[in-house]
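Structure record follows, encoded as structure tokens.
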């Protein structure tokens with residue numbers, strides 16, 4: 001697999017195809033010039049970045065932005081790591097990109113950061129975000145591991161904990177998914193997370209690159225790993241599976257939160273992106289390794305899969321050829337296959353992964369069913385009830401003012417007609433008629449349905465003055481309101497955590513008790 005040279009003055013970028021990978025899609029590779037390297041940049045306090053870059057060490061970079069509350073909450077942690085002897089085997093720096101991806105302009109950012117108190121945190125400023133753009137960084141926080149020779153070895157999008165960071169430095173191919181990841185909440189002491197009720201199913205449906213990326217986007221999916229299943233040999237390589245007739249199928253191991261998704265839900269998502277009538281072929285990929293199949297480890301799941309197949313058969317005249325079999329074996333694919341479309345955004349993908357952002361028919365996945373709120377009075381349940389019925393993320397966001405990852409929630413991309421209610425109490429808050437794509441990474445609205453349904457509070461954290469927004473009835477933390485919204489609609493942007501909301505589709509509003517508000521949607 002080719003690596004991208006980072007410390008050179010010029011690097012070429014494009015579709016990076018691993019040896020013997022899934023059938024390639026022809027794309028224009030193109031080129032991109034990197035006018036500045038890390039060593040030529042300066043830090044926020046005007047020091048040469050080269051001070052922090054020793055050539056005989058790999059470099060672990062954290063990309064962050066001033067508008068990302070999660071990033072801000074982790075600055076102290078990053079400063080601690082930068083001084084910790086455990087991280088001495090690598091250069092550890094952070095990069096901010098003034099003028100890129102909604103970041104403040106250079107002078108404004110410098111002035112803002114000067115008011116913070118992280119004297120030992122290396123913050124390199126890359127004006128215009130050249131480095132972030134060339135590495136396809138579009139989500140904050142994100143991490144990149146650069147080898148001693150300047151090769152990009154790994155890109156991780158999202159927050160990582162100390163154990164994951166150290167594992168990454170020791171081994172760029174480390175399985176970060178096997179390490180504990182705690183949800184971080186700002187300005188409060190971290191508490192232990194509840195044990196998640198997870199289950200696993202194994203899905204084969206053509207090239208695993210696309211299927212893995214697709215399931216990773218689905219709310220409630222904990223992990224998706226590419227591998228080889230139900231073959232005749234042990235520990236096969238990609239070349240074995242492709243050319244030596246081992247009988248394995250390219251398969252994605254999907255681990256999901258059973259309190260948020262059922263197996264039938266997973267199968268509905270699966271059938272959205274595979275042709276169940278195509279024998280040994282999906283997209284451009286042909287061969288028995290590209291067959292379709294659902295492989296289970298719990299015999300009770302066979303009937304659930306059979307029922308889903310029977311339902312799906314009604315949509316087709318041709319017979320379905322999807323296998324419904326017990327899992328005989330599964331072996332993780334090589335590291336270069338894992339997260340392939342994150343490492344190589346222009347790589348081949350035979351499915352439309354955006355379908356992961358579309359809720360299932362009749363489903364509103366942000367909140368478990370049967371939450372038990374009082375729709376008439378919008379009462380807040382007890383804390384014990386909230387811990388039982390909300391997900392860990394929903395609880396931390398609404399009760400402890402935590403912040404979900406930017407661009408992580410399905411509601412950021414949802415624009416179907418309906419209303420958004422408080423996930424805690426059910427109180428109506430926002431309408432789809434007032435929702436717009438602000439590009440900030442969180443669901444954005446120009447106004448609440450009723451101005452009295454939200455309360456505003458001064459928030460002076462992180463050397464900024466912001467206006468926090470909370471729900472009236474349950475006092476749930478929702479997000480913040482900013483004066484940079486569409487001028488023709490009042491000029492406000494309500495930037496709201498998707499985890500604080502529950503979406504009620506227009507066609508379900510009557511049954512859910514919100515029929516009187518349908519006029520706010522139409």
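The backbone N, Cα and C atoms fix where each Cβ goes, glycine too.
Under the heading domain 'Thioredoxin', Swiss-Prot lists 17-174.
In this structure, residue 68 (disulfide bond) belongs to neither helix nor strand by DSSP; it is coil. The feature disulfide bond is assigned by Swiss-Prot to 68-71 (among others).
Residues belonging to the region 'Peptide methionine sulfoxide reductase A' (199-354) score a mean pLDDT of 91 in the model. The region 'Peptide methionine sulfoxide reductase A' annotation in Swiss-Prot covers 199-354.
Annotation source Swiss-Prot lists active site at 207, citing similarity to another entry. Secondary structure at residue 207 (active site), as computed by DSSP, is coil.
Annotated domain 'MsrB' per Swiss-Prot: 383-506, in sequence order.
The DSSP secondary structure for residue 495 (disulfide bond) is strand. Long-range Cβ neighbours of residue 495 (disulfide bond) (same chain, at least 6 residues apart, Cβ-Cβ under 8 Å): 438, 440, 442, 443, 444, 479, 480, 481, 482. The annotation disulfide bond is assigned in Swiss-Prot to 440-495 (among others) on the grounds of similarity to another entry.
The active site, nucleophile annotation in Swiss-Prot covers 495 and rests on sequence analysis.
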Alpha-carbon distance [residue 207 (active site); residue 71 (disulfide bond)] in Å: 34
Position of peak Cβ density within 10 Å, selected from the disulfide-bonded residues 68, 440: 68
C-alpha spacing of residue 68 (disulfide bond) relative to residue 207 (active site), in angstrom: 34
